[in-house]
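Student: What TrEMBL shows for this protein is this:
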- 152-232: domain 'Ig-like' (DOMAIN)
- 238-351: domain 'Ig-like' (DOMAIN)
- 354-440: domain 'Ig-like' (DOMAIN)
- 1-21: signal peptide (SIGNAL)
- 447-469: transmembrane segment (TRANSMEM)
Amino acid sequence: MKNFIQSLLLLIAVIVSTTGAQKEIYAKEGQDITLEPTSYPANSYVYWYFEKQDGHQLAWLNPLGGKGFSNGKPYIYVYIIYLLLLSREIQVNKKIFLTITFCLVDEKWKNRLSLTGASLVINALQEDLFGTFVCKISAAGQRDSITVFKVIQVNVIEKSASPLLSGDYLSLTCSLGSVPQNTPEIYWLSPQGNREGNKGIVYIQARSEHNGQWDCVVKKNTNEKKFPVSVTVVDLAPVPSHQYTSTDSPLTIPCSLISPVTWEQVKKKEIEEVQWHFAPKLSSGTLSDNPEQLFSLDLEKLTWKKGKDKGLSPVYNIKNGNLSLTKSKATVEDRGRYTCSMKFKDGRTLETTVDVVVLEIIAHPKAELIYGQQVNLSCSTGDQLPNDMKLNWTSPKTSSYISYPTHITVPEVGKEDNGKWGCELWQGGNKLTSDEILLKIEPRLSVWMLVIICSAAVILLLLLVLAFIHYRRRKQKTRLLRHQLCQCKNPKPKGFYRT
């Protein structure tokens, strides 16, 4: 009974003399970690152990700055002790001694440990280095501070071969090597920051939005740790369904690989052909059922072969994944649907489709007018506008006109109507595109018009005078010729006469 009481008092003394805390550290194999104790009083001794307190010692630090590690060097010191024992003729079994020495010195920690202050730094964690680490800090007159670190392995696996072709299945798994008492929450974050998967498992068909960095999140209470994984998906970048431009603006029809996919990665997926097609918009407002081929890509030379000529030019930046078409100024003939397609040997096709909408202003009867004429300006995309779209007109500041939803009328144009007129296409609070037309208004009889009329009258008068002079001269020549041929008073006709 007395021994039991002594043991109990000793246990209580040990408990009172130490303070402890426990932390969980999540890490991947090959990762560097730093284990930082909760406190580090001055003039204290620091001891780091593996598996348990007073177990395999990894490192130590004294108040004078001296330190040591379990990195293979103790083997030399133990062998020196062995030689000293032999020199004193103490009976030692060499084989057993070296075996014990080898067990004491664990090569797996060699060159992996370092100290930053009292913190233990472990480089390139290996699978057999995960487990429990104990830090004991002792200082004179103070209770020992014990901090226990549970270093738990996180296994992050991408089972699908990268790069993926859009439509392939993306398989991601995130799990723990050992399960702690209170299991943390594990889930995945997509490149857009959306939560994906169930219990650390993602299995979905890859699309362009899945390209980029995925994060496995291990969360416990308010603490969380992220483990990134890079996923590459070969796909065409999303494009707007409609591209708005005008006859006064350039035209760009976008088509490109999603960043940072390269042409070399596309070739690995056995690409077969790349083409552009165009379905023009008919006068009825519908699209043609017979699309025209605009371009096809020579996969060996990486040059475009032209089909139907629409005045469009490819952007020659194929190796960077840019397959777009451009034109300096759009025309109404460019209205229609454009399709950029990439076909692969397994039969799958990636494509983007863009409907080009061209805004145009038309002046009737024409844009060059004289004072007093009526002009109608119509603004149209060739289709009826949706309810959420509208047209806004801009005009010279001094002009006045009658406005309608799609056109305006100026009953009598004057000097104040001369200049640029504009039409803007809006959707909500966004201006989609705009077009401009220049009206040239001239007076009824301007100075130049008078000059032109007078000049024409003078020229006409000169022509009449010349014609009259020419006529008189010709008549005089005819009379003179008759006078020379007949000089006798009674001329006789030529012939034979009787004598």
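Using N, Cα and C of the backbone, Cβ positions are placed for all residues, glycine too.
Remember, predicted model here, so these are calculated numbers, not experimental data.
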Student: Do any residues of this chain, six or more beyond the ends of the transmembrane segment (447-469), have a C-beta under 8 angstroms from a C-beta of it, and if so which?
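Tutor: Hits for the transmembrane segment (447-469): none.
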Student: Would you mind giving the whole-number mean pLDDT across the domain 'Ig-like' (152-232)?
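Tutor: Reported value for the domain 'Ig-like' (152-232) is a mean pLDDT of 91.
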Student: Take the domain 'Ig-like' (238-351) and count its residues per DSSP category (helix H/G/I, strand E/B, coil), listing them in that order.
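Tutor: For the domain 'Ig-like' (238-351), the helix, strand and coil counts are 12 helix, 52 strand, 50 coil.
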Student: Go ahead and report the DSSP secondary structure tallies for the domain 'Ig-like' (354-440): helix first, then strand, then coil.
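Tutor: Secondary-structure composition of the domain 'Ig-like' (354-440): 3 helix, 52 strand, 32 coil.
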